[in-house]
């Protein structure tokens, strides 16, 4: 096989002179050994002449060539090998960062060349998620009711909508995507799928997980509640279509877009089922899996609940493996990562049950520890309006969650309810910021008095 022609006139000699061993760690430019985001890594590379020239060469190598063709060219090999020692090789991006798309474009411009070919699973370009579900539970637990009756009668998906309505940002962006995804354009075009997806991405990228997770993963004991959960993303516009495309075609179209490709790689990284952990999730991190799942919503590969079943959770993109030919096995494997994924299923159920691996507050307080309750009574009717103007047990739960976050609800009847509860707590026990059971409080007070009397009694008794 003849070698590929030179990319740049006279560049062979230049590249050979640059192909020496990389600089020792102590001589590397500042910041080169510290992982940074890809925008910053690109700036560091641009400020170093040899890195900059190799990066330009590699970009030319990747233009219109597959990996094998690229590596047949010595210039491309040299550029690729040397760039593996630069900040660009170790750079990552943050979801929702200001220059996310630019960061991802830089990442893939390098890593498509570093990949070993067409990989079934690709590494995530995003920084690892270190937070846990327990962090969200501490901020806004859907099981923070003050008595068992609160949780046994509550419709958690309706509660989630009410909690969102009490937060200005969540309410505004949720109303925005519902309006966009429900707007009929014509008799033949029920909505603008593109605008609907964009509005959904904005919602899930800009609203904190303590609100979005509650809407997506609320637990249900009633089919009407489960249908509300399935309708969260307005699936008639964002999810369903007349025909189901082939799943591999859907994956191929997703990988042609830097943002969608990144979200899919992130999902595979954080939700790929593993039997090496207790939960079947990488690192036993439910939060990372659920976050990457939410990151897929707003693309053609958007996943959703396939039905309103309360006995089993089945998630799938809108696709099938019909017409896969000799790729049917690979297609089925891709689809099973959604439909038969124990990591994803366990993560959703853990959130719905209010549990997590090693779930414990950083500063546990026995007086306010509330264990998850098992629903025994039928949930509230699901046809209750989403308006946040009615006093009910879910609002009390929401007020408790908002107080834990230090947030103020919108001006409404709930505001006086939340404030009156907070005022009552402050007036009775100025130093206590959370609700305590009066019986528990009196018991603790008696114990405190006993402890205070001990130093006085000991000398009096001659002990």
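Keep in mind that glycine also has a Cβ here, set from the backbone N, Cα and C atoms.
What you see is a predicted model, and the numbers here were worked out from it, not measured in a lab.
Database features, via TrEMBL:
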- 45-51: disulfide bond (DISULFID)
- 157-218: disulfide bond (DISULFID)
- 164-170: disulfide bond (DISULFID)
- 181-196: disulfide bond (DISULFID)
- 191-237: disulfide bond (DISULFID)
- 220-225: disulfide bond (DISULFID)
- 247-319: disulfide bond (DISULFID)
- 254-260: disulfide bond (DISULFID)
- 271-289: disulfide bond (DISULFID)
- 281-343: disulfide bond (DISULFID)
- 321-331: disulfide bond (DISULFID)
- 38-115: domain 'GDNF/GAS1' (DOMAIN)
- 157-237: domain 'GDNF/GAS1' (DOMAIN)
- 247-343: domain 'GDNF/GAS1' (DOMAIN)
- 353: N-linked glycosylation site (CARBOHYD)
- 410: N-linked glycosylation site (CARBOHYD)
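Features recorded in TrEMBL, as mapped to the structure shown.
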| residue | record | contacts (Cβ under 8 Å, 6+ apart) |
| --- | --- | --- |
| 170 | disulfide bond | 163, 164, 207, 211, 212 |
| 181 | disulfide bond | 191, 196, 199, 200, 233, 234, 236, 237, 238 |
| 247 | disulfide bond | 317, 319, 320, 321, 324, 331, 334, 335 |
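Close to residue 271 (disulfide bond) in the fold, though at least 6 residues off in sequence, lie 281, 282, 289, 292, 293, 337, 341, 343, 344, 347, each with a CB less than 8 Å from its CB. Comparing local CB density within 10 A for the disulfide-bonded residues 157, 289, 319, 321, the maximum falls on 289. Checked against residue 260 (disulfide bond), the recorded positions 218, 220, 353 differ in C-alpha distance, with 218 being the nearest. Between the candidate disulfide-bonded residues, 225, 254, the densest Cβ environment within 10 Å is the one around 225. Cα-Cα distances to residue 353 (N-linked glycosylation site) place 218 within 10 Å, out of the disulfide-bonded residues 45, 51, 218, 254.
A Cα-Cα distance of 55 Å separates residue 220 (disulfide bond) from residue 51 (disulfide bond). In the predicted model, residues of the domain 'GDNF/GAS1' (247-343) average a pLDDT of 94. Cβ neighbour count for residue 260 (disulfide bond): 21 (other Cβ atoms within 10 Å of its Cβ, all protein chains included). Rounded to a whole number, the distance between the Cα atoms of residue 45 (disulfide bond) and residue 225 (disulfide bond) is 53 Å. With a 10 A radius on its CB, residue 196 (disulfide bond) counts 25 other CB atoms from all the protein chains.
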